[in-house]
Amino acid sequence: MLIDVPDTALTTFRAMWAELDRIGVHPTGTRRYSWTAEDAALRRWFTAQASARGMEVHTDANGNIRAWWGGRPADGDAGVVTGSHLDSVADGGKWDGPLGVLLGFLAVDALAAAEARGEFVRARPVGVVDYMDEEGTRFGVACLGSKLMSGVLDPEKARALTDADGVSLTEAMRAAGADPDRIGRDDAEITRSGAQVEVHIEQGKQLVGLEAPVGVASAIWPHGRWSFTFDGVADHAGTARLVDRKDAALPFASTVLAARAVAEELDARATFGRFHVEPGGPNVVPARVVALLDARAATDEVLVEMVDRIASAAREAGEGHGVEVTVAKISHAPVVEFDEELRDLHGKLAAEAGEYLPEVPTQAGHDSGILAPVMPTSMLFVRSPHGISHSPLEDAADDDVIAGLRALTRSLAALAGDD
Ligand code: GLV
Ligand code: MN
Ligand code: MN
């Protein structure tokens, strides 16, 4: 039987949304970063939502927090997990992440109502998860919580990561009352999670083009972050002759343009979204520029070629200006193909409901992508009317949100129900 969602779902969604809006939302956008006061407030909100539904809350060693409907599975047992993340990029939108967490709780409401009507029998617990630091805004590495949990990030390296103020992950976790010594691969939590279905706002316009309110993710492009450091020499902005300068900003500027040209040629993406100039004086020739390249491509071969070419362009420009260039890889996530059985399940259930559910790839990174090699994961995307994301302009229509909730609920019913 196809389980529908309660008529009250949209009202509940709006009420939950209004509460979340009080946390870290500024006129310029959403600022929710890991292990901050906002993060603590989000965890309290999450816990209150869970308690209101009689769900058992547990925070794992890596700071990922889960609420279990039906009780937290014992060691060695498996449930089914949904959810996403509550952190944001700097001055981001409100949908990237929270949508999946909210719909996770609302899907539990729908299943509980169906259970009360005798239309659903739960065979295993359903967990709603909020992963720690998905965006990597504070410490520079995206999907920190899932990378640690799956073992692709070395705990020693993670502990040493620092934020813009020089605060390390170790210090930030301790200040928030968490224990950094326990972070790392967590096989027990991987087993307990069983399988994961994450709902996320689509971060592009594919679903708009396909006129579909909801889609299934097929794959994630390989992507990563590289640091580019340009070392020149500080000098007087007035008296230093142009010909004598070693201005670190000049090769950096050339590199930004080169990245755009190479990405265009390879049909890929390259972005320098974070950089700073030292010493940063208005009347001082820049001595140093430290910049982060975010690079994504359809295949790893193209990604490697693109980064190599951007690095060569940076070094060449550096030589031309007497500036030393250092390039270092910060993180890399290989291509992800989401679990075929889960994708087929979403497709089958949509067909039964007479709904169109296209498969679309994405260039955005997600915890479900990081976890795909260690457990079955899939993603459902909700249409974004103008495709803009990582921006306060991020949006979704009510009907599309409910369509996403319906798709999630029926999938969880199939995965957690009596079979
Ligand atoms: C996460 O949103 C990413 O793709 O950077
Ligand atoms: Mn994001
Ligand atoms: Mn996200």
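Backbone N, Cα and C define each Cβ position, glycine as well.
Counting only same-chain residues at least 6 apart in sequence, those with a Cβ under 8 Å from the Cβ of His200 (Zn(2+) 1 binding site) are Ser84, Asp96, Gly97, Leu99, Gly100, Ala364, His366, Met379, Leu380, Phe381, Val382. Annotation comment: TrEMBL describes His85, Asp96, His200 as Zn(2+) 1 binding site.
Feature annotation from TrEMBL assigns Zn(2+) 2 binding site to Asp96, Glu135, His390. Taking a C-beta cut-off of under 8 Å and a sequence gap of six or more, His390 (Zn(2+) 2 binding site) has these contacts in its own chain: Val89, Gly92, Gly93, Asp96, Gln203. DSSP classifies His390 (Zn(2+) 2 binding site) as coil under the three-state reduction.
For Arg296 (allantoate binding site), the Cβ neighbour count at a 10 Å cut-off comes to 22, with all displayed protein chains included. Marked as allantoate binding site by TrEMBL: Arg225, Asn283, Arg296.
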Three-state secondary structure, Arg225 (allantoate binding site) (per DSSP): strand
Contacting binding-site residues, sequence order - Asp96, Glu135, His200, Asn283, Arg296 vs ligand 2, Cβ under 6 Å: Asp96, Glu135
Largest inter-residue Cα distance among Arg225, Asn283, Arg296 [record-listed allantoate binders, Å]: 36
Listed binding-site residues His85, Arg225, Asn283, filtered to Cα within 10 Å of Glu135 (Zn(2+) 2 binding site): His85
Binding-site residues listed as His85, Arg225, least Cβ neighbours within 10 Å: Arg225
Residue pair Asn283 (allantoate binding site), His85 (Zn(2+) 1 binding site) - Cα distance, angstrom, rounded: 42
Listed binding-site residues with Cβ under 6 Å from ligand 3, out of Asp96, Glu135, Arg225, Arg296, His390: Asp96
